[in-house]
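Trainee: Quick paste of what Swiss-Prot says about this protein:
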type	residues	note
SITE	His30	site 'Important for tRNA non-discrimination'
SITE	Gly81	site 'Important for tRNA non-discrimination'
BINDING	Glu172, Arg218, His457, Arg498	L-aspartate binding site
REGION	196-199	region 'Aspartate'
BINDING	Arg218, Asp219, Glu220, Gln227, Glu491, Gly543, Leu544, Asp545, Arg546	ATP binding site
Amino acid sequence: MRTNYCGLISEQYLDQTVTVKGWVHRRRDHGGVIFIDLRDREGIVQVVIDPDTPEAFAAADSARNEYVLSITGRVRNRPEGTTNDKMISGKIEILAKEIEVLNAAATPPFQIDDENISENVRLTNRVIDLRRPVMQRNLRLRYQVAMGVRRYLDAQGFIDIETPMLTRSTPEGARDYLVPSRVHPGEFFALPQSPQLFKQLLMVAGFDRYYQITKCFRDEDLRADRQPEFTQIDLETSFLNEDEIMDITEGMAKQVFKDALGVDLGDFPRMPYSEAMFYYGSDKPDMRINLKFTELTDLMKTEEFKVFRGAADMKGGRVVALRVPNGAKFSRKEIDEYTKFVGIYGAKGLAYIKVNDVGNLSNGEDSGLQSPIVKFLSENALKEIIARTGAQNGDIIFFGADKTKVVNEAIGALRIKVGLEHGKDNGYFTDEWKPLWVVDFPMFEYDEEADRYVAVHHPFTAPKEGHEDLMVSDPANCLARAYDMVLNGWEIGGGSIRIHRADVQEKVFAALKISPEEQQEKFGFLLDNLKFGAPPHGGLAFGLDRLVTLMTGAESIRDVIAFPKTQRAQCLLTNAPNSVDDKQLRELSLRLRQKAAETKEA
């Protein structure tokens, strides 16, 4: 029987006989003495096998990397000069008495300690990849976070309740994953994008405080921080307002970071959505980067420079500046790369001014400002730009001029890129945890393609008090009782106070151009139950995958999920999704269209 984990044997076990079981991480033959580094989930221990124990020596001699061994031996100090203070087991070794080969292993597709492996190779051989210490650490931390969440919410009186995985499709927002019903031919279940409606119904049912760590599914285009199936920390409360809900969930985040990382997150400042977009161009600003937008739209309405004037006069246009301290040293090549970068977000170019001498702000050839655009701007505008941005000698000022959405996304992304690349060396990046709440979101945003307003969060979010009439009269300025928790530029949680009155919910549906008939067909079960004395309620959902990605510093969300999908929504380990035979399709009353069938065969 195993007595100890490999990585947990320390000096306290000196002269004791122990039995460890694990995988051969490395095997070395040093002049007739064999050394084996044996690995299990807790780490590595060094085992010494000498010829005085011939059976153990023969077993060790036959072992290769990834063989599974059971080793019994005596714990002793390592020789002087061979210790490793970074490991719990770094000062001891095991002198083997007995070795049993529990299983041989084929040569693995890569070495466990190889750090230069392509992601495709790793995902195809995910089981071997999961043996790597970094992956073991990531998934252990994920477990610690999940358990910390459970402990905290249990102590706060929350009840863990499961909600259905097979539910009805409500095609609003992202596409649903559909599951055909064999019993009801031609009808489909949908996998839940979130437990939203069920958790609201649990509040109507009187459970008061609910939580669940659950899988959710969205059939959407994938990015580095997205998966078709993801894990959500979901919670809902009755009779609490947004301040009280934010206090509870902020406390949870602080406790989890303290327990898992030993980190004190400190205060969570609150920032209105309008301020976040005005200064940072993002509703999830990275506050580690001390760079802000400077508004120039009003100034450019009287300038002749067409690029800036056109954006300033455009309906929904915006002109901003982004001052970067010590940025005048950026090379032409670097600026060209930044220009190409903002093009990803729809920007047609990237104007800039290098500030060489703030004492000479003319627009002539001897100007202290260096840029192709200086001659097109009035001296008054140049002075105002320098005054508003607070630019000093040696700085560079970048400009965004276009539709507000393009400017916010392009210059917002540039702010992050420049901040991460140059901020630490130039004093405008702080490498620490910077949490905040973003509040007072718009209730609606206009969808030009659909030619109607859509919900910014979801259609069950309550309007801010005093804004109910604006849903009809001025939907663009109607604010929601919504809040997002943001950490270092990532939205890790989002929530809102919900609508608990059926008449208000019907008004929101009407503002979204959802007819009474469609309301009843899609959401009749919600509207009907809201009429039976629904309490005021609200909640929040955290993305567990994103949270753990941040906490581990992993490059990809796929590094904190045991068996993730690729960016093409495939599992390379199991080759899912896969074809099914005609018999299965017939049982489901389905038939592939000819084009789809031909594509599969190809």
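Backbone N, Cα and C atoms are what each Cβ position is placed from, and that goes for glycine too.
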Trainee: Give me the Cα-Cα distance between Leu544 (ATP binding site) and Gly81 (site 'Important for tRNA non-discrimination'), rounded to a whole Å.
Mentor: 43
Trainee: Work through the recorded positions one by one (Gly81, Glu491, Arg546) and name whichever has its CA nearest to the CA of His457 (L-aspartate binding site).
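Mentor: That would be Glu491, the closest of Gly81, Glu491, Arg546 to His457 (L-aspartate binding site).
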Trainee: At the level of the C-alpha atoms, what whole-angstrom distance separates Arg218 (L-aspartate binding site) and Arg546 (ATP binding site)?
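Mentor: So the Cα of Arg546 (ATP binding site) lies 15 Å away from that of Arg218 (L-aspartate binding site).
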Trainee: Which residues of the same chain, at least 6 past either end of the region 'Aspartate' (196-199), have a Cβ under 8 Å from a Cβ in it?
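Mentor: Long-range Cβ neighbours of the region 'Aspartate' (196-199): 163-164, 167, 210, 212, 234-236, 458, 460, 523, 525-526, 539.
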Trainee: Given the binding-site residues Glu220, Glu491, which one's Cβ is surrounded by the fewest other Cβ atoms within 10 Å?
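Mentor: If we count Cβ atoms within 10 Å for the binding-site residues Glu220, Glu491, the smallest count is at Glu220.
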Trainee: Indicate the candidate from His30, Arg218, His457, Arg546 with the smallest number of other Cβ atoms within 10 Å of its Cβ, considering only these recorded positions.
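Mentor: Output over recorded positions His30, Arg218, His457, Arg546: least Cβ neighbours within 10 Å is His30.
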Trainee: So, three-state DSSP: helix, strand or coil for His30 (site 'Important for tRNA non-discrimination')?
Mentor: strand
Trainee: Distance check, please: Cα of Glu220 (ATP binding site) against Cα of His30 (site 'Important for tRNA non-discrimination'), rounded to an integer number of angstrom.
Mentor: 55
Trainee: For a quick check of packing: other C-beta atoms within 10 Å of the C-beta of Arg498 (L-aspartate binding site), how many?
Mentor: 23
Trainee: Where does Arg546 (ATP binding site) sit in the DSSP three-state scheme?
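Mentor: Arg546 (ATP binding site) sits in a helix per DSSP.
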Trainee: Spatially, which candidate from the binding-site residues Glu491, Arg498, Arg546 is nearest to His30 (site 'Important for tRNA non-discrimination'), comparing Cα atoms?
Mentor: Arg546
Trainee: Any idea what DSSP makes of Arg498 (L-aspartate binding site), helix, strand or coil?
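Mentor: Assignment for Arg498 (L-aspartate binding site) reads strand.
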Trainee: If you measure from the Cα of Arg498 (L-aspartate binding site), which of the recorded positions Gly81, Glu491, Arg546 is the nearest?
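Mentor: Nearest by Cα distance to Arg498 (L-aspartate binding site): Glu491.
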Trainee: Count the other Cβ atoms sitting within 10 Å of the Cβ of Leu544 (ATP binding site), across every protein chain shown.
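Mentor: Its Cβ shell of radius 10 Å holds 22 other Cβ atoms.
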Trainee: Which whole number of Å gives the largest C-alpha distance between any two of Arg218, Asp219, Glu220, Gln227, Glu491, Gly543, Leu544, Asp545, Arg546, the residues noted as binding ATP?
Mentor: 20
